[in-house]
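A.B. asks: Dropping the structure in here first, questions after.
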Amino acid sequence: MKLFVGLGNPGARYAGNRHNIGYMAVEAIAADHGFGPWRARFQGLTSEGRLGSEQVLLLKPETFMNLSGQSVGEAMRFYKLTPADVIVFHDELDLAPGKLRLKQGGGHAGHNGLRSIHAHVGEAYGRVRLGIGHPGHKDAVAPYVLSDFAKADQDWLADLLRGIADGAEALARGDGAKFQNAVALRMQPPKPEKPKPAAKAPEAQAPEAAPDERSALQKLADRFR
């Protein structure tokens, strides 16, 4: 079994926040792949289904972001999972909006949700880093991540979530390259068609000469006129 964790904060107040893009990612997977209904478990909401041959549990911790590790740890203990079975979807300030990167293990880079997971299960789990951009100053980070995506962000956000759902099966079986390719196909605008070369106008042909119907005697006489 694989455990896909989407980080965010519970409640309608936070639903459209940049900080909740992890929630949005696992919700897109559940909707696109016919997962079961969300139900309360492990201090969060879970939905079960299959991605290819892999049984997958989707988890949205409802502990609020800073205590996400409590929920993740509880689910892992119940199913006897290791960090290698876990992939966490989270917002990433250090990536431009719409960019996506995979990471296995390593530090939490100051992300409070990851910090909590580190404290409960260690750092060896996988992450899908979802770029939301940086507001430019550290004092602006909290209000920025706790604000809704702007209207101008909606198109790339929808494409990103569709790409994540498209590639989820590849991610579950460990094919990170194919997962990223699925996302890239959604994010890249279609290339404009090359204009077809204009058809060449047919060359004008000289009019055919009228056939000479003179008799041999007339032709001879005309030569001496």
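Cβ from N, Cα, C; glycine included.
Okay, these came from Swiss-Prot:
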ACT_SITE  H19  active site, proton acceptor
BINDING   Y14, F64, N66, N112  tRNA binding site
COMPBIAS  198-209  compositional bias 'Low complexity'
COMPBIAS  211-225  compositional bias 'Basic and acidic residues'
REGION    182-225  region 'Disordered'
SITE      N9  site 'Discriminates between blocked and unblocked aminoacyl-tRNA'
SITE      D91  site 'Stabilizes the basic form of H active site to accept a proton'
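Describe the structural context of these features.
C.D. replies: Its Cβ taken as reference, H19 (active site, proton acceptor) is surrounded by 22 other Cβ atoms within 10 Å in the chains shown.
DSSP assigns N112 (tRNA binding site) to a helix. In the structure as shown, the Cβ atom of N112 (tRNA binding site) sits within 10 Å of 16 other Cβ atoms.
Sequence-distant neighbours of N9 (site 'Discriminates between blocked and unblocked aminoacyl-tRNA') (same chain, six or more apart, CB under 8 Å from its CB) are N17, H19, N20, F64, M65, listed in sequence order.
Residue environment of D91 (site 'Stabilizes the basic form of H active site to accept a proton') contains 24 other Cβ atoms, counted within 10 Å of its Cβ in all protein chains.
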A.B. asks: Using DSSP, would you call D91 (site 'Stabilizes the basic form of H active site to accept a proton') helix, strand or coil?
C.D. replies: strand
A.B. asks: Can you name the residues of this chain that are 6 or more positions from Y14 (tRNA binding site) yet have a C-beta less than 8 Å from its C-beta?
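C.D. replies: Y14 (tRNA binding site) has long-range Cβ partners G8, N20, L146.
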A.B. asks: Specify the count of other C-beta atoms within 10 Å of the C-beta of F64 (tRNA binding site).
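C.D. replies: Excluding its own Cβ, F64 (tRNA binding site) sees 15 Cβ atoms within 10 Å.
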A.B. asks: Compute the C-alpha separation of D91 (site 'Stabilizes the basic form of H active site to accept a proton') from N112 (tRNA binding site), stating it in Å without decimals.
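C.D. replies: Taking the Cα atoms only, D91 (site 'Stabilizes the basic form of H active site to accept a proton') lies 11 Å from N112 (tRNA binding site).
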A.B. asks: If the tRNA site is taken as the center of the Cβ atoms of Y14, F64, N66, N112, which further residues of that chain fall within 8 Å of it by their Cβ?
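C.D. replies: Everything else in range on the chain: N9, H19, T63, M65, L67, S68, G113.
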